[in-house]
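Read the structure below first, then the notes.
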Amino acid sequence: MACWHVTQRSVWTLSENPPALDIKVVPESPLEKNGSRRNALVFSTAYIHQNLASQLHRLSCSTPGGVSAAVRALDLPTDRLQHERSLKSKSTAKFVLLGLFPGLRQANCLVSAVLLIYAVALTANSMLILLIWVDAHLHTPMYFLLSQLALMDLTLISSTVPKMATDFFSGKRNISRVACGTQIFFFLTLGIAECILITLMAYDRYVAVCDPLRYALIMSPKVCLQMAAIAWAGGALTSLAHTAYAMHFPICGSREIAHFLCEVMAILKLVCEDISAYEKAVLVTSTVVLLIPLSFILTSYALIFLAVHRINSTQGRNKALATCSSHLIVVSLYFGPAMLVYMRPTSYHRPTLDQVLFMLGAILTPTMNPLVYSLRNKEVMCALKKVLGDCLSSS
């Protein structure tokens, strides 16, 4: 009788002229310390690749149906195919976004309010960028950096709200793994870039108040472009590293994300591996991106307030305080929610609290920024009146 004798050394022997195919398993020595015995097939991968074709060919020549019988018995190609399909399904599996406060009865009103806020943010930020671009009086370093902040706000809120509203009204809450990673990348890029840019804007205000005679020399157009490039590049590179690392973790069980957007901390809750090392990396990044810039900002404004008290002109003092107070409001809107989200361990995260914080940081803040800078800034209001007057007179 023809036999494949499979031993622990993976030596396959074939008797001559086999009339039928029979596969035997040679029992191995105990595999565990408790003395339990079990049969096992231990295959040498290298030997299989070298000799499987020739062995199956000899079987097919000697015994009709031998190859199919051997394949069914060993089940090697089937297992390998199933493994490849499993890997493919894991890479293409979709996540499910549960949406904004799932289970809320007044969800229609809430989503409508968010869309209204999005329309205000879209209009206000676009108007601010247009005014800075058109009015020559606003072609200064501070307003150039402000236009970059408005552009980041516009992109940030546009990366979250349209998807959330589409999912809610269509009822389709699925999002592919690639789309989820893309949303995480853009969200982190814009958030980190804004933190860097706000820090540079604090430096701009420090130079303007504390060293006004050298302001034009220090804050040259070239330096302003370099500042904007540093903010965008720093955000993109940091985001790319975190997105790639967070998305490589295997997901176990449910793929439901208790959020209205794909976000790193929400994804980590679905991971079935130990993520303590990555949590430390997130903490280090948060310290570099949030705490260190915040300390620079607070130090800059402490020096600014000391310098403002030495100004003899009441008008100049009020102007400096108005500009700086607007900037401090923006700082609190950005850094407050971000620190509460990314500087807490994953075990302390609650879906409802996280969604509230993300609504403050990703939806309300981009809407408030242009309003804070425009309503509290006489130069912006004068430029707006001028543009509106020109439009009305031309019509």
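Backbone N, Cα and C atoms are what each Cβ position is placed from, and that goes for glycine too.
Per TrEMBL, domain 'G-protein coupled receptors family 1 profile' is recorded for 124-373.
What TrEMBL lists as transmembrane segment is 110-134 (among others).
What TrEMBL records for 178-203 (among others) is transmembrane segment. Cβ atoms under 8 Å from those of the transmembrane segment (178-203) belong to residues 95, 142, 145-146, 148-149, 152-153, 155-156, 159-160, 163, 227-228, 230-232, 234-236, 238-240, 242-243, 246-247, 261-264, 267, 289-290, 293, 296-297, 300-301, 327, 330-331, 334-335, 338, 361-362 of the same chain, restricted to positions at least 6 beyond its ends.
Sequence annotations record features per position, and here TrEMBL assigns transmembrane segment to 223-245 (among others).
Residues annotated as transmembrane segment in TrEMBL: 284-308 (among others). Outside the transmembrane segment (284-308) by six or more residues, the chain places 192, 195-196, 198-199, 202-203, 205-206, 209-210, 238, 242, 317, 320-321, 324, 327-328, 331, 335, 338-339, 342-343 with a CB less than 8 A from a CB of the stretch.
Per TrEMBL, transmembrane segment is recorded for 320-343 (among others).
According to TrEMBL, the transmembrane segment annotation covers 355-375 (among others).
Residues 141, 144-145, 148, 181, 184-194, 196-197, 200, 264, 278, 281-282, 285, 289 of the same chain lie 6 or more positions beyond the ends of the transmembrane segment (223-245) yet place their CB under 8 Å from a CB of it. The list of residues near the transmembrane segment (110-134) in space but at least 6 beyond its ends in sequence, with Cβ under 8 angstroms from a Cβ of it, reads 100-101, 104, 143-144, 146-147, 150-151, 153-154, 157-158, 161-162, 164-165, 168-169, 359, 363-364, 366-367, 369-371, 373-374, 380, 383-384, 387.
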